[in-house]
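Undergrad: Sharing a structure below in structure tokens format, with a few things to ask.
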């Protein structure tokens, strides 16, 4: 059994870990970017660490992206999760000197937090036992009875045909089996299963379920128990990819929330959307909501249609004259420009392609408000379309690059190795180029969401952002062109060629340059384009200093002139 000091040390470590994932992390948790790893039972206690809100500041040098690229998470397979779960159960069982099934019930009740179990248990063991249902003595006893009455079907059964939980309430095997199966089929609530007696708080443990439930229900219960270990743990989440059964254990204090599962799906551990570094989760949430919101449909309707003057249904005019006819059953005929009845129009009003009434009314300001609203909607829609089309285009390019990467790894590398008599290990520069393309397409895609929400009035930031984005995009296009087009001639070659070495140098160089471009872009966006603000402050400060120096120089000259004048008077 562990010593009390060891137990308290373990509790302290897990308390710190819980505080971090609950957002209550104290400043002394971090020390210059060093973060607590669950595999090590120690915590660095230096002061002045960053908050959880964005862990990018947890890096020693904010300009050093090598830290951010370190894997700050662990992908857990099912056997890994079960092993961790069993270890936690064993730990609690050993420290509290209780059975493993009782330890499992306790941990499940306290969301698999060992520190919370220990704190509650040693504060008031009796209260914990009552709240969790771990009764230390039977509520009812039948010392000499040969037959007992089932509390559900009220039939009498021999004593060996009935089963009781820790409370002692007797129920027959058939009723127990039906009760357990029904509860398990109702969902994860079966993990908190209690005695069938309505007034009894006694818990039904896994041993009873294994004894009385059919195999199918045992498997379901086991799956619920496994899932609860992940879903109740603040630092562990399931991979959101369809059909994936891996979980991600996230390490506190890392520089980025982006994680990549063994199934090849990359996502943000914080918001569980697809990986979106360097854009923050709030911007991504707004962008995704905007892409699916009805507001954009309404903007399009407002910008590109007008309501029928009679039935008010929106009508789009994409060609033809100004004579409009509403669809049945309305069939109202009207002028597109002034929305007046067509019966009042004709040659005298300008014919089919103009409307004198509209022009006259427009000059008087009759349509100013509606035209202003339509123009605003049109401008808003055009701006949104500009960013969305480029966002979607880079998404499609990334998917194509992923397909090309897969084909390169499975087919083309072997062919290149045979044709150019080069080991596949020396062709990694091609794979690295495609991996860089895939990552850069993802980053570039999300920079368009960032640009959409960048305030229009911050002209300096917008210009700096567009410059960095343009440089990165140009570099990426050159790299993509080289990897996609120029490689084809070497795939189609019949034998080795001298140009292949030149191609190797060019592709590797473009990969490195593109990586640098995107690191600069990512660093700038994650810092909130702070370089622009600092430059503006420096410029303002220089201007003030120049003004002060000029003012002081003027006073000096004035004093000197005054002195000369005084001497002249004398």
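For all residues, glycine too, the Cβ spot is worked out from N, Cα and C.
Small disclaimer: the values here were computed from a predicted structure and weren't measured.
What TrEMBL shows for this protein is this:
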COMPBIAS  1-30  compositional bias 'Acidic residues'
COMPBIAS  37-50  compositional bias 'Acidic residues'
COMPBIAS  538-550  compositional bias 'Low complexity'
DOMAIN    146-359  domain 'RING-type'
DOMAIN    150-194  domain 'RING-type'
REGION    1-50  region 'Disordered'
REGION    537-570  region 'Disordered'
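Neighbours and distances for these, please.
TA: Packing against the domain 'RING-type' (150-194) from elsewhere in the chain are residues 108-109, 133-136, 138-142, 200-205, 208-209, 211-214, 217, 220-221, 224-225, 227-228: each is 6 or more residues past its ends and has a CB under 8 Å from a CB in it.
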Undergrad: Please give the average pLDDT for the domain 'RING-type' (146-359) in this predicted model.
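TA: Average per-residue pLDDT within the domain 'RING-type' (146-359): 84.
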Undergrad: With helix taken as DSSP H, G or I, strand as E or B and everything else coil, how many residues of the domain 'RING-type' (150-194) land in each class?
TA: 21 helix, 8 strand, 16 coil
